[in-house]
Amino acid sequence: MKALLLLLLLPQLCSASLVPEREKDPEYWRRQAQETLRNALRLQRLNQNVAKNLILFLGDGMGVSTVTAARILKGQLQHGQGEESLLEMDKFPFVALAKTYNTNAQVPDSAGTATAYLCGVKANEGTLGVSAGVTRDRCNTTKGQEVTSILRWAKDAGKAVGIVTTTRVTHATPSAAYAHSANRDWYSDGEMPPDALEGGCKDIARQLVENIRDIEVILGGGRKYMYPKNVSDVEYPHEEKHRGTRLDRRNLIQAWHEAKPPGKVAEYVWHRRGLLALNLSRVDFLLGESLHPRVSWPQLGALGGPLACPGVLGQLQWPVIPRRVLLPPRDGGRIDHGHHEGKAKQALHEAVELDRAIGVATRLTSTQDTLSVVTADHSHVFTFGGYTPRGNPIFGLAPMQSDVDRKPFTSILYGNGPGYKIVAGERENVSAVDFAHADYQAQSAVPLRQETHGGEDVAVFARGPMAHLLHGVHEQNYIPHAMAYAACIGSNRGHCNAAARPATPLLLPFLGLLFLLC
């Protein structure tokens with residue numbers, strides 16, 4: 001009887017031991033709440049400065065459940081319990097929700113959403129930088145339906161701009177900043193159907209070089225789409241899958257160089273070593289393309305790789321120039337890739353890396369003249385639960401077995417995806433596999449080769465001039481309009497004071513507009 005009583009009490013005793021001593025005192029929570037209240041009251045003094053710099057951090061697929069899990073992971077990587085940890089984005093004072101649906105899709109794709117948060121117009125799934133009047137795959141519906149992005153608005157205002165991504169630069173998310181395409185997959189002319197080529201539509205890589213010729217900084221992956229078909233890759237010369245894909249036989253890297261004005265220094269790099277070797281004070285234009293920047297967390301060996309966002313931001317401290325730039329980050333691009341493969345460990349570590357990049361940018365800029373926005377294009381059918389105790393390893397097991405099949409389960413699960421596994425007619429017993437492995441595919445309810453996006457709203461975090469304009473629940477296409485208003489670019493400039501106080505000189509990652517997809 002005593003043994004049975006001990007077993008019954010054990011969960012409660014263990015749970016109690018997980019509570020930090022300070023949290024047992026009600027005054028701890030009261031003091032914390034009062035400090036939060038004081039900080040909130042300070043926000044009544046709105047920052048209505050003109051934003052000299054704009055930075056958009058885009059975590060591809062970084063839904064609210066991913067943000068929460070990444071917060072716990074960050075804290076546990078720092079040897080804490082995790083739940084009480086703060087992400088850099090958590091420190092932003094203004095938070096909103098964005099509705100992510102495409103004009104023809106309840107659950108969106110990355111192309112239609114990118115058109116929304118970069119161009120300010122909602123669009124059909126699979127289309128880039130065009131209105132909803134364009135039908136996917138139909139080149140002949142594109143003409144006259146092109147819409148411009150906040151990156152273009154910044155260039156038209158004389159600002160310097162940059163795109164940094166851990167995905168291909170021609171991927172759907174960053175390419176809406178410069179391209180107009182009826183199909184997000186038309187990376188080079190080698191991926192386009194004959195009717196689209198005959199109809200005069202341009203591939204996305206070509207548009208990167210031709211549409212906005214004076215983008216100061218372009219860093220990402222996808223270099224094979226810049227080279228003629230079957231040209232060997234500089235880094236992997238013997239691997240056929242990495243060879244060039246262009247049917248027009250053009251070398252777009254060379255074309256990028258040739259398009260620069262006389263007297264301007266344009267540098268091309270394809271590895272981190274080349275980037276670090278540059279004297280950036282003497283560089284006017286920078287193009288960096290790897291095959292595909294590696295996932296930037298230590299377990300995957302990315303520290304020696306090409307272009308991890310935190311490292312890039314730490315290195316690219318351009319001297320101040322008269323024009324300021326709008327900085328748009330995107331990918332946290334590999335968050336999305338991890339989730340699609342059901343590999344939560346890869347997705348969440350990438351989210352933590354994106355948060356590191358946000359921290360670097362925060363240290364290099366001032367809230368007095370820099371509006372920073374962090375958001376996602378869409379979510380995923382990713383969740384974690386199971387009544388886990390405080391401090392439970394985020395990639396660990398729930399403290400219970402299923403009361404149906406009597407098997408354990410991990411806290412992290414997917415609604416659908418490749419993790420659906422039946423062994424001997426039953427759900428796989430996760431205690432028989434290494435569920436902490438980087439390549440482990442979390443169990444899913446429905447079998448799919450690739451997990452899908454989710455349809456719920458995503459968070460929008462904002463800090464700096466006019467950050468208060470991002471509040472409540474918005475359509476996703478509102479985001480660039482609010483950012484443009486803050487910077488006095490685009491169509492809303494009537495409120496701007498031409499004699500506004502100039503910003504204090506700073507060393508910044510970019511000056512003007514930066515789109516960071518990390």
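Just so you know, glycine gets a Cβ as well, placed from its N, Cα and C.
Feature annotations, reproduced from TrEMBL:
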- Ser110: active site, phosphoserine intermediate (ACT_SITE)
- Asp60, Asp336, His340, Asp377, His378, His453: Zn(2+) binding site (BINDING)
- Asp60, His171, Thr173: Mg(2+) binding site (BINDING)
- 1-16: signal peptide (SIGNAL)
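Annotated features, which come from TrEMBL, shown on the structure.
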| residue | record | contacts (Cβ under 8 Å, 6+ apart) |
| --- | --- | --- |
| Ser110 | active site, phosphoserine intermediate | Asp60, His171, Ala172, Thr173, Arg184, Asp336, Asp377, His378 |
| His340 | Zn(2+) binding site | Gly61, His380, Gly417, Gln450, Glu451 |
| His453 | Zn(2+) binding site | Gly61, Val107, Pro108, Asp109, His378, Ser379, His380, Val381 |
Any further residue of that chain within 8 Å (Cβ to the Cβ centroid of Asp60, Asp336, His340, Asp377, His378, His453) of the recorded Zn(2+) site: Gly61, Asp109, Ser110, Ile335, His339, Ala376, Ser379, His380
Cβ neighbours of Asp377 (Zn(2+) binding site) where a neighbour is any other Cβ within 10 Å: 34
Can you tell which of the binding-site residues (Asp60, Asp336) has the fewest other C-beta atoms within 10 angstroms of its C-beta? Asp336
For His171 (Mg(2+) binding site), the number of other Cβ atoms found within 10 Å of its own Cβ: 28
Counting Cβ atoms within 10 Å across all protein chains shown, which of the binding-site residues Thr173, His378 comes out on top? Thr173
